[in-house]
Amino acid sequence: MENQLAKSTEERTFQYQDSLPSLPVPSLEESLKKYLESVKPFANQEEYKKTEEVVQKFQSGIGEKLHQKLLERAKGKRNWLEEWWLNVAYLDVRIPSQLNVNFAGPAAHFEHYWPPKEGTQLERGSIILWHNLNYWQLLRKEKLPVHKVGNTPLDMNQFRMLFSTCKVPGITRDSIMNYFRTESEGRSPNHIVVLCRGRAFVFDVIHEGCLVTPPELLRQLTYIHKKCHSEPDGPGIAALTSEERTRWAKAREYLIGLDPENLALLEKIQSSLLVYSMEDSSPHVTPEDYSEIIAAILIGDPTVRWGDKSYNLISFSNGVFGCNCDHAPFDAMIMVNISYYVDEKIFQNEGRWKGSEKVRDIPLPEELIFTVDEKILNDINQAKAQYLREASDLQIAAYAFTSFGKKLTKNKMLHPDTFIQLALQLAYYRLHGHPGCCYETAMTRYFYHGRTETVRSCTVEAVRWCQSMQDPSVSIWGFIAGFDRHLLGLLLIAKEEGLPVPELFTDPLFSKSGGGGNFVLSTSLVGYLRVQGVVVPMVHNGYGFFYHIRDDRFVVACSAWKSCPETDAERLVQLTFCAFHDMIQLMNSTHL
């Protein structure tokens, strides 16, 4: 065992990147077979027959030609999907991304040593920042353990995007700027940006070759906090990042045109390790009710978070924390990893700093003062107004179900993720009277630069079970995985070749079953740790539904739009909890 441990510490975080297998292109026949199976819950006999004909025609005609072109593309790329996915899912999207694309979640420290308490924001902030900076140093030194399934290493590339990464708006397409370098690759930025009351400050976290300590960080945060609370608010340039993408791109160009120094300031923010946000509010949170804190992190003050930043670490007046992250550079599991690391460190140290209280003579934070004019100030006000208008339409319901958790479902020989997905299907069916097309995130990190794939959990078997509420052990493993990205690739090949959109993609059952990003249930298992998150729904008449699983509880966070009369996040969560009870009772009665 000791030898194994010694060996594992020698592994470098990114050492397997070059040896990972390329992302494969699935078989066309297999993908279309899975697709046909997935549309069944949403079709009558006649509709299904028509779609079946469309699929057969596609398979023997244009589909085969497109598939061959996709195979050709895959020969020249280690990941044929990577660039396409980044553009289609994130960078080409023009709607405001801070609200509609970013993911967010609370830090779990409030469950143990850091319950909400006024007057703790700065001291706790210095400690949480320090643990984050230690994680950054692990990445720089490539000492973060390689993620593996068994002995198989997973792709670690997304961890390069966690720090010193920022999306930059473009008129038709955004871009991602990544300034992070490992120690062996060279210099990496070592400053953070702090946003407070519409103002921005910057300071280095390395002084004389050493990481600044929590007492030193506390001095910097206290300086900024006092200054902002005794002087007028700043213009709130950060609010522009919450705008529609093309409008923000034009405002940014104008801002740079006003004064070239503005570009240098923007680049300071873009290249910073992270953005640390100081909020004035004190959202309510308990280990059973996360609703208010999650709403505050996802849709809080737009002048104190940089919506394009890969990592906004957010602090509240009552000493509660969370993160808000641009989704383009990485998926939520990367943030889950650092959040768990920091939470464990805070737990192990009983929420305190146990080192030296000495504070070196380090330079005070420098304020980033932008040159602005009436037009920019109007743009900021317009951005804030549209953001707050849209944000006020979002309903968040986030609660812990504490009657039982993973331990009981596993005793009943049922995987807890399957249990939750089936309960959600039952809850949706009871609330809406029909099945809901459902997306669950699956990861493809076995492959070079792999990110995600879709699991479609609304199957014919799941619907039949919802209709009859029969024995839950029957046919509930039939989730359908792994064809949505393939179909996307075929569609994009057609577009690149200037061909008409194939009928497969215009057939009504394509979008009705969730294709083209039309899933009414957008779900993700956040994991088995004390970490929770949330996103907005994928469609206006849908739900975002993130959850995590523990031995004694299930925690869920559900979002919906208030302006949609059919959806109700509170009701869906309560019905899901009822379904948990009903399913266990049924399993007990069937002696499973």
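Each position is counted from 1, following the chain as shown.
Glycine is treated like the rest: Cβ placed from N, Cα and C.
Keep in mind that TrEMBL annotations are predicted by a computer and have not been checked by a curator.
The active site, proton acceptor annotation in TrEMBL covers His327. Sequence annotations record features per position, and here TrEMBL assigns domain 'Choline/carnitine acyltransferase' to 23-475, 482-574.
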Next on the checklist: Return the residues near His327 (active site, proton acceptor) by Cβ distance under 8 Å, restricted to its own chain and a separation of at least 6 in sequence.
Outcome noted: Tyr90, Ser97, Val101, Asn102, Phe103, Val535
Item to check | Integer average pLDDT (0 to 100) for the domain 'Choline/carnitine acyltransferase' (482-574) | outcome: 97
Item to check | Structural state census, the domain 'Choline/carnitine acyltransferase' (482-574) (DSSP three-state) | outcome: 28 helix, 23 strand, 42 coil
